[in-house]
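K.L.:
Sharing a structure below in structure tokens format, with a few things to ask.
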Amino acid sequence: SGHRHESXBSTBXASXSSKPCCBHCACTKSIPPQCRCSBLRLNSCHSECKGCICTFSIPAQCICTDTNNFCYEPCKSSHGPBBNN
């Protein structure tokens, strides 16, 4: 049914797992560059995302539509050493 994501408490102190990161980031060659992350995340976007669009599927696939002048660090580096694929 209608879940609503209220993130009033997680804005100031975001947990380490939800810190912003991006594996697929593309920037324009303009100055300053305009960078967008095309990562698909399940059920939510990263903590710094202002414009998050999710599909209505289960689980929801979410993409952040923000345009920044930088890319966040890659998410893959946060996994443990046993996760090498």
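Heads up, the Cβ atoms here are built off N, Cα and C, so glycines get one too.
Since we're looking at a predicted model, the values are computed, not measured.
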K.L.:
In Swiss-Prot, C64 is paired in a disulfide bond with which of C49, C54, C71, C75?
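P.N.:
Between C64 and the options C49, C54, C71, C75, Swiss-Prot records the bond with C49.
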K.L.:
Per Swiss-Prot, which of C37, C45, C52 is disulfide-bonded to C22?
P.N.:
C37
K.L.:
Per Swiss-Prot, which of C25, C27 is disulfide-bonded to C71?
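P.N.:
Looking through C25, C27, the record in Swiss-Prot gives C25 as the partner of C71.
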K.L.:
Do me a favour and check the Cα-Cα span between C49 (disulfide bond) and C21 (disulfide bond); whole Å is fine.
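P.N.:
That comes out at 10 Å between the alpha carbons.
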K.L.:
Could you state the whole-number distance in Å separating the C-alpha atoms of C22 (disulfide bond) and C35 (disulfide bond)?
P.N.:
11
K.L.:
Between C25 (disulfide bond) and C37 (disulfide bond), how far is it from one CA atom to the other, in Å?
P.N.:
4
K.L.:
Spatial neighbours of C54 (disulfide bond) among the disulfide-bonded residues C21, C37, C64, C71, C75, defined as Cα within 10 A: which are they?
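P.N.:
Checking Cα-Cα distances against C54 (disulfide bond), the disulfide-bonded residues within 10 Å turn out to be C64.
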K.L.:
Using a 10 Å cut-off on Cβ-Cβ distances across all protein chains shown, tell me which of the disulfide-bonded residues (C25, C35, C54, C64) has the largest neighbour count.
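P.N.:
Per the Cβ count, the most surrounded site is C64.
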